[in-house]
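> The structure's right below; bear with me while I get my questions together.
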Amino acid sequence: MTSKIQGKKPTLSRRDFIKSAAAASAAASVGLSIPSVMSAEAQNAQKLWKWDKSVCRFCGTGCGIMVATQKDNTGQAKIVAIKGDPEAPVNRGLNCIKGYFCAKIMYGADRLTTPLLRVNSNGEFDKKGKFAPVSWKRAFDEMEKQFKKAYNELGPTGIAVFGSGQYTIQEGYAAVKLVKGGFRSNNIDPNARHCMASAVVGFMETFGIDEPAGCYDDIELTDTIVTWGANMAEMHPVLWSRVTDRKLSSSNVKVINLSTYTNRTSDLADIEIIFKPHTDLAIWNFLAREIINRNAVDEAFVKENCVFSTGFVNIGYGMRNNPQHPKFKPEERDIVAKEVSKIVSNDEGITLQYLGIKAGEEMKMDKAGAAGNHWGISFEDFKKGLEPYTLDFVANLAKGNPDESIESFKQKLQSLADYYIDKNRKIVSFWTMGMNQHQRGTWVNEQSYMVHMLLGKQAKPGSGAFSLTGQPSACGTAREVGTFSHRLPADMVVANPKHREITEKIWHLPSGTLNSKIGAPYLKIMRDLEDGNIKWAWVQVNNPWQNTANANHWIAAAREQDNFIVVSECYPGISAKVADLILPTAMIYEKWGAYGNAERRTQHWKQQVVAPGEAMPDIWQMAEFAKRFKLSEVWDKGYEALDIKPVLESAKAMGYTEEDTLFDVLFANKNAKNFSAQDALLKNEFNTEVLGDSRNVEDGNGEAFKGYGFFIQKYLWEEYRQFGLGHAHDLADFDTYHRVRGLRWPVVNGKETQWRFNAKYDFYAQKLGNGKAFAFYGNKGKDMPAGSLNAPSEEKVSIDNKAKIFLRPYMDPCEMPDKEYPMWLCTGRVLEHWHSGTMTMRVPELYRAVPEALCYMHPDDANAQNLEQNQVVWVESRRGKVKAKLDLRGRNRPPKGLIYVPWFDENVFINKVCLDATCPISKQTDFKKCAVKVYKA
């Protein structure tokens, strides 16, 4: 199939031209013949088209696409067609419905094309004023003024950037350089905090290194596919097509879907297990107990490659630790109070008995600050912690469908264990937001590895625990580049002095420039805005005021506090509407870039067309803003509370002057200018940042922008890849990626890696494993504290080349249904729309398919309240309420007691309802469970 993008001029010949070509391409893709006349017309049409490889804009699958452009008489190009790339190994020519409309997202009627500033009648900035068009110079003038006001008052902690898992890799790298290296602030955090942070911490705590061991090839090699909180049929549809193909190709292949509600993934499943929200923790522990009791542990694998570990349990829920905070409504405070202490429930009295904790006791959450601390324990202690998770206990705790018999549910749990334990079966566990957006997201991620490591079914072709990424570059940018508030590139962290030293050397910064104090994670940035501790924020490539739970608080903070909010956007979404300054931004095919997908595959693309109006790429925006800061303004002051000293004199000793700008140092230094604008890759190509373009957009100084004159994207890439070379994060050079359909890192001697940690396939496992079959080299040369089930000791245990198997108990979520709010709420996505809908709701075909978010509900729950199909209802929690239309027979079929509401529709602003509890370790918000009531509107 090919999606055609028609031009604005309604000439019949052009229309017929494109229709013929698109029809021919679509027919060919499904093996149909077409009339010879139409075929000839199509061939003539496509002679004027230029096809180039690119990457889909949407999920973390990383599908390759082909983009067709056609130039008009003035040399301006427009995208005229999109199709799947048959040479792309991920999708093999197939796209999902969103992928076919990748180009149409760029041509919405309300595309932002000029900077917009809130002003009063005199044209002066006024936070309560209305938006008015301004020049880029005027926009940067106000942006600079407000930044320096906040920075001079509060220092590096007073400013923040909301980054993205949809940044290109070079954009994310530029943002980290500017914020952490230039402004000396660690207050940059991506929306990937909402989607992948729990997976990241699960990887880091288990393996000492981030990202999956396996790859998509596991789908074709496995016998058993288990999805945990992953509606792959809608959220990763192209991968699901591969799962479907594998399932239908062999009667031996089994699919099991674990979910809190029935969805399209259930349709293919041999077994569907509907569990109560949060009880996946107990099901994983049941599996581990079964493995041990059935003598199914791969003892040789575990002895050679694993150590056992545990941590504190009284760690809170990532909420504010002050329930009397003046911004809370009275009805919010009882739930927030559990951040300080809670009463142990009857179920917790059973699951925590190994710690001597009893039901009815008060548990003080005094280890919240040490939530990530963990230590080694014995195998005997590990077994003791699993004793409560019998079939009877877990079945009664976890059964999520009231209409299902307990015996049926028990049988499903037994079958699940049978499939995992069968020594003759390969097995892959896939999960996404159901496990990541979880108040114990780190724990439940670690539990997946617990089961696979006990069985010796990890890092092997066809077997492994596999976290599926949600966003197109949550892996490649947010994680690998390190746009989180605690990270640096290649899994390094700001708190490690050696890591800061390495970074300062690559960036040519004075020693001591980087800030050692971890910055504010995504949700804390919002809370700090509410408290007045952050007074300037820049939003890039995401929509935080729609995508953050408990949204009423943050909208009030943006509009009522003394702060300045900048939003770089392509369309007027909710975040743009609450901003003080909107910067019009180039979209994916209007710039050069790269993404990294869920199987560690890095893919690059070229700019295909020029952005409309005055919209400019994010790299350009950061580079122009960097010109506004002399080194004397950002490096000549120390901050005792942050242990930051002045580094201006050290900078002078390196050859810099106090008049040099951050642009000169970070983006236009001598190394950067060695990357020529005459590069062969640029021949006959658009590159707005390097060469300028026909629009002659005004730059930050009020002059026509003619390009930087050096290949800034290539410079950023080649500098960035220095971090990973030789450190098991090796990436290929820039030119190589433009020749291939992506490579899975580490890329060593031109060879990609399919299965990490396995010496048959991984260069580093061979190099560092001392002849072993497996080497979990993220923990090479490391040790950790030993201890008991309750606490660490002074002793150490080696974890050299080993992975950790964690004991993590079941605990209740902080908010559960009760008499006043009797139903669970789960949020998520639908196939047709992407995240907040800012792009996909502008595509007519996608909008017509799903024009609004619905409230999916069980018919019996509706009947109990005399509610009917398509009736408008209120969905209300302790935090807020929204109206939505009921769907009692749609694609999502919740059990009694649970509703599902997608979050793509700003008119059904469901994040006003959601609870802002997080995993205390990963700081990732739990969007999958809170208590609500539903009633007639």
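One is the number of the first residue shown, and numbering goes on along the chain from there.
Backbone N, Cα and C atoms are what each Cβ position is placed from, and that goes for glycine too.
Since this is a predicted model, take the numbers as computed values, not measurements.
Feature annotation from Swiss-Prot assigns [4Fe-4S] cluster binding site to C56, C59, C63, C96; the stated evidence is sequence analysis. Feature annotation from Swiss-Prot assigns Mo-bis(molybdopterin guanine dinucleotide) binding site to K98, Q166, N191, C195, 228-235, M433, Q437, N543, 568-569, K591, D618, 827-836, N911, K928. Annotation comment: Swiss-Prot describes W903 as substrate binding site. Swiss-Prot lists 49-110 with the feature domain '4Fe-4S Mo/W bis-MGD-type'. The signal peptide annotation in Swiss-Prot covers 1-42, and the record cites sequence analysis as its basis.
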> For the [4Fe-4S] cluster site (C56, C59, C63, C96), what does the 8 A shell look like? I mean other same-chain residues with CB within 8 A of the CB centroid.
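Neighbours within 8 Å of the Cβ centroid, excluding C56, C59, C63, C96: F58, T61, G62, N91, N95, K98, G99, P237, V238.
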> Compute the C-alpha separation of C96 ([4Fe-4S] cluster binding site) from the residue listed as 'substrate binding site', stating it in Å without decimals.
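Checking the Cα atoms of C96 ([4Fe-4S] cluster binding site) and the residue listed as 'substrate binding site' gives a distance of 20 Å.
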> So, by DSSP, how many helix, strand and coil residues make up the domain '4Fe-4S Mo/W bis-MGD-type' (49-110)?
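With helix first, then strand, then coil, the domain '4Fe-4S Mo/W bis-MGD-type' (49-110) has 7 helix, 22 strand, 33 coil.
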> Summarise the model confidence on the domain '4Fe-4S Mo/W bis-MGD-type' (49-110) as a single mean pLDDT, whole number.
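Mean per-residue confidence for the domain '4Fe-4S Mo/W bis-MGD-type' (49-110): 96 out of 100.
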> Would you mind pulling the DSSP three-state label for G828 (Mo-bis(molybdopterin guanine dinucleotide) binding site)?
strand
> Check W228 (Mo-bis(molybdopterin guanine dinucleotide) binding site) against DSSP and tell me helix, strand or coil, would you?
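Note: W228 (Mo-bis(molybdopterin guanine dinucleotide) binding site) is in a strand by DSSP.
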> To the nearest whole angstrom, state the Cα distance for the pair W903 (substrate binding site) and C59 ([4Fe-4S] cluster binding site).
16
> Given the binding-site residues C56, C59, C63, find the one whose Cα is closest in space to the Cα of M433 (Mo-bis(molybdopterin guanine dinucleotide) binding site).
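Of the binding-site residues C56, C59, C63, C59 has its Cα closest to that of M433 (Mo-bis(molybdopterin guanine dinucleotide) binding site).
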> So among C56, C59, C63, all listed as binding-site residues, which is physically nearest to M232 (Mo-bis(molybdopterin guanine dinucleotide) binding site)? Use the C-alpha atoms.
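Minimum Cα distance from M232 (Mo-bis(molybdopterin guanine dinucleotide) binding site) across C56, C59, C63 lands on C59.
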> So which one is it: of the binding-site residues C56, C59, C63, C96, which has the fewest other Cβ atoms within 10 Å?
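Taking C56, C59, C63, C96 as the binding-site residues, the minimal 10 Å Cβ count falls on C96.
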> Across all the protein chains here, work out how many other Cβ atoms are within 10 Å of the Cβ of M232 (Mo-bis(molybdopterin guanine dinucleotide) binding site).
27
> If we check Cα distances from S836 (Mo-bis(molybdopterin guanine dinucleotide) binding site), which of the binding-site residues C56, C59, C63 wins as closest?
C59
> Can you give me the same-chain residues 6 or more apart in sequence from E569 (Mo-bis(molybdopterin guanine dinucleotide) binding site) with a CB-CB distance under 8 Å?
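Long-range Cβ contacts: L112, V539, S575, A576, I582, L583, P584, T585, T838.
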> What whole-number Å value do you get for the CA-CA distance of C63 ([4Fe-4S] cluster binding site) and E832 (Mo-bis(molybdopterin guanine dinucleotide) binding site)?
16
> Relative to the Cβ position of E832 (Mo-bis(molybdopterin guanine dinucleotide) binding site), how many further Cβ atoms are located within 10 Å?
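The answer is 23.
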